[in-house]
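If you look up TrEMBL, you'll see 649-715 marked as domain 'Mechanosensitive ion channel MscS'. Annotation source TrEMBL lists domain 'Mechanosensitive ion channel MscS C-terminal' at 723-806. Feature annotation from TrEMBL assigns region 'Disordered' to 819-843. TrEMBL lists 1-24 with the feature signal peptide. The transmembrane segment feature in TrEMBL is assigned to 397-417, 438-461, 473-494, 515-534, 554-587, 608-627, 633-655.
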Amino acid sequence: MTRRFALLACLLLPWALASTPAVAAQDIASVLTGEENEAPKAIEFADIPDQANADERFAEGVVLQSRRRDSVASLQKRLAAIESSTRQKARLAEGEDLQTLPVLRLESLDRHWGFDARLFERWRADLKQASAPYVESAAEIATRRAAWEATRAANADGSMPKALSDRIDEVLGYLGRAESALSAPLAQYIELGRQANTLEARIDAGRQEVAAAIADIDRRLVHMDAPPIWALGGSGHESDASLAALKTGLTIEADFLKQYSASNVDHQRLLNIVQLLLLPLLVWLSFYYRRHQARLPHGSGADAATAGRASLLEASENVLHRPISAWLLLSMMAVLALEPDAPLLLHQMVMLIALVPTLRLLPARVFELFGPWPYVATGLYLLQRLGFLFMGNVLMYRTYSLSITLLALALTLWLLWRSRRKAPTKGLQGRARTAIHVVGWTGVGMLAVSALSNVLGNVSLAEMLTGGLLDSGYMALMLYAAVAVFLALLRLTFAQPGLSKLRMARLRDGSMMRGFSRLLGVVAVIAWLGFTANRFRLFRPIYSTASGILSHEFTIGALSITLGHVLVFIVSVVVAFWAAKLVRFVLHEEVLPKMSLPRGVDNSVASLSYYAVLLLGFMLALTATGFEVSQLAFVFGALGVGIGFGLQNVVNNFVSGLILMFERPIQPGDVVDITGTSGSVREIGMRATVIKTFDGADVVVPNGTLLSENLVNWTLRDMFRRIEINLGVAYGADPNQVIELMTEVITTDESISRHPEPTVFFMAFGASSLDFSIRAWTRDYNNWVGIRSRLLTRIYAVLNENGIEIPFPQQDLHLRSVSEAARAALGPPPPESKSDAGPEPAT
């Protein structure tokens with residue numbers, strides 16, 4: 001193998017393995033122009049021996065590397081399997097018109113082509129990974145050989161010693177043999193890449209043909225696509241052709257299911273893990289409650305009286321008594337959720353397997369509200385699925401489909417008539433009956449149109465209306481039963497002794513279950529809407545329109561963004577917000593209280609974790625929207641300009657919030673005084689702190705103010721509070737007696753701390769009293785006002801008991817003269833008593 005061939009292989013292989021023409025062109029251009037490759041430099045004389053030894057070892061390693069062919073054989077086998085699958089479907093497309101196939105058959109073909117495309121992408125990635133060492137070795141050989149040739153050319157005048165010159169020739173010989181050894185595996189990889197290009201073109205063409213056929217059927221929903229039912233004959237040739245097409249289709253479906261099961265992709269492994277873990281959990285819960293005769297957690301009486309709680313308790317009973325049915329239902333729902341691109345044959349089998357568990361696990365309240373509707377819906381779904389037995393004959397198949405439609409129409413009318421005979425009710429039953437009537441009469445109209453379409457020859461519309469109505473009704477029952485079982489399983493799990501001891505499980509049991517219930521309800525409604533839209537042939541046009549709208553790109557200078565990016569960013573931020581709240585809640589309620597931390601550290605850790613998760617979610621949201629580094633630089637540059645002009649206070653408060661988190665001068669629950677505001681710290685945020693005053697008002701104080709103003713924290717280090725009472729007693733009282741009495745009052749109070757020791761001081765001779773000061777400390781800061789009031793009450797009682805007066809201001813009024821007008825207004829003086837008149841005269 002010459003050096004030219006090795007370089008040609010290095011050029012052709014990336015082109016053959018490239019996933020897009022743009023990338024291939026870029027790789028070829030970079031190699032051809034040599035913009036990234038420097039000119040080879042001659043090796044110094046002193047480095048020739050060591051470099052020669054290194055290159056010789058490298059060449060021997062390349063030769064050994066080229067003898068490994070296991071990856072090539074495996075890749076050839078996998079490529080042959082994919083090619084066989086695509087060739088089989090291609091022959092089906094050549095043998096019959098795809099527009100004549102049922103739409104479900106086309107949907108399955110579309111999934112099959114998509115599965116082949118995913119297998120092919122995995123194969124191409126493995127091919128690239130397997131060939132990368134050979135490509136790198138070929139490039140490295142070319143580089144080293146060029147350096148040795150440059151060395152020999154630089155010393156062509158014969159100035160180099162003959163020993164070194166001979167060594168250079170030996171090294172070039174080793175490198176040449178390494179090039180020759182690489183030629184065979186490189187040629188095989190290049191040939192595989194060429195075959196892969198042909199296969200990729202076939203896969204793309206097949207997917208486009210199926211998509212075009214589905215689109216054509218969707219356009220023909222309002223047009224006749226078959227003869228009227230009375231015009232169909234009983235030709236045996238047509239029946240044989242239909243039966244042969246049915247057998248071919250079933251063979252392809254079976255092969256698809258076999259290939260899909262053997263692929264063992266990531267979501268299949270996850271599904272297996274879920275199913276293996278779910279069964280022992282359900283069996284253990286059933287065994288535990290039966291063995292210990294444990295009662296189900298009914299909650300409070302008022303709460304248990306609600307309809308939702310009653311339904312949940314009934315579902316819990318169903319899970320305990322029917323664990324196998326619960327496992328089957330949840331496992332089948334997991335297949336539908338984790339494998340949306342699985343073969344339609346697998347999905348139909350899954351829904352049939354879940355039919356009996358669904359009816360067994362539906363709460364009795366559903367049957368009380370809807371009557372026999374669940375049985376009718378599941379029975380009609382089963383009868384519809386048996387229609388494939390008649391697909392070998394067109395007349396029999398259309399007759400059977402018409403019979404199912406008419407049966408569904410008759411049963412729906414009977415159920416509506418039966419529902420009208422019942423007395424009208426209010427509340428939940430009344431709303432359920434109203435919903436039944438609306439849905440029922442809508443179904444009657446759709447079934448009538450379907451029957452008429454089948455008779456006249458619009459088979460596509462008839463199949464879509466009947467199949468969509470029956471499938472969506474049965475799927476609604478499956479989702480409702482699965483949600484009820486899942487919620488019951490959560491409740492039973494949280495009721496276990498180990499989990500019930502968790503503080504957050506005790507405090508937030510009701511709110512957690514309500515949150516899970518709402519979340520699962522929203523997910524179930526979205527899943528049902530998607531399934532129903534797909535069955536009524538609306539999902540593809542809606543998805544196409546939404547994709548076009550969300551992918552529309554808006555360019556503002558160097559910034560390009562789409563509505564899809566905005567939507568992804570909003571959803572990511574919302575998810576990050578809820579994740580941050582969950583992290584803070586778990587840390588605050590479960591993790592940090594069990595650790596020995598200084599006061600206030602738990603709140604700082606929980607708050608910082610909350611904002612760290614928010615920041616991480618924000619960065620992930622930007623990454624998910626496709627922002628590049630240059631675009632992020634533009635955004636942060638704009639933020640910098642905004643900060644420079646008008647966001648100084650916001651940044652100041654944010655940085656101050658970080659300082660408060662790390663230094664912890666205040667903590668939630670501390671009593672503080674700041675800028676004339678006194679109260680208890682309620683919440684410390686990144687921008688502001690909420691203080692609840694003693695009057696009940698919430699005051700929002702910016703964090704910058706807390707650091708820049710004088711802040712008084714009464715409870716920073718401890719809960720000590722000094723109580724000081726100023727007392728004045730009347731002159732004439734004994735000061736020593738007063739001090740003894742006051743000391744006894746404060747030392748006998750249990751709320752007064754002994755350290756520091758309470759003291760009573762004789763302060764001064766006041767204008768009208770002897771002034772004393774009573775000083776004591778209490779550890780109960782929150783109740784210091786009540787303690788002070790109790791001390792005042794006892795001091796007043798002790799002073800009264802010992803005859804010690806408390807002086808208070810008094811005023812005496814002396815009248816020196818009264819005018820006649822005032823005397824007349826006051827009236828005559830009261831008569832003097834006999835005792836005041838003196839002794840009576842003697843008679």
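Indices start at 1 and increase along the chain as displayed.
A Cβ is built for glycine as well, from the same backbone N, Cα and C atoms used for every other residue.
Per-residue confidence over the domain 'Mechanosensitive ion channel MscS C-terminal' (723-806) averages out at a pLDDT of 90. DSSP states for the domain 'Mechanosensitive ion channel MscS C-terminal' (723-806), grouped as helix (H, G, I), strand (E, B) and coil, give 34 helix, 24 strand, 26 coil. Taking residue pairs at least 6 apart in sequence, the transmembrane segment (473-494) and the transmembrane segment (515-534) share three or more C-beta contacts under 8 angstroms. Taking Cβ pairs closer than 8 Å, the transmembrane segment (438-461) reaches residues 103, 217, 220-230, 398, 401-402, 405-406, 408-409, 412-413, 415-416, 419, 469 in its own chain, all 6 or more past its ends. Nonlocal intrachain contacts for the transmembrane segment (608-627), taken as residues 6+ away from its ends with a CB within less than 8 angstroms of a stretch CB, comprise 561, 565-566, 568-569, 572-573, 575-577, 579-581, 583-584, 587, 635, 661, 686. Per DSSP, the domain 'Mechanosensitive ion channel MscS' (649-715) is made up of 21 helix, 26 strand, 20 coil. Tertiary neighbourhood of the transmembrane segment (473-494): same-chain residues 281-282, 285, 289, 296-297, 311-312, 315-316, 318-320, 326, 329-330, 332-333, 351, 354-355, 357-358, 361-363, 366, 374, 377-378, 380-381, 500, 505, 509, 512-513, 516-517, 520-521, 524, 527-528, 531-532, selected by CB-CB distance under 8 Å and a gap of 6+ residues from either end.
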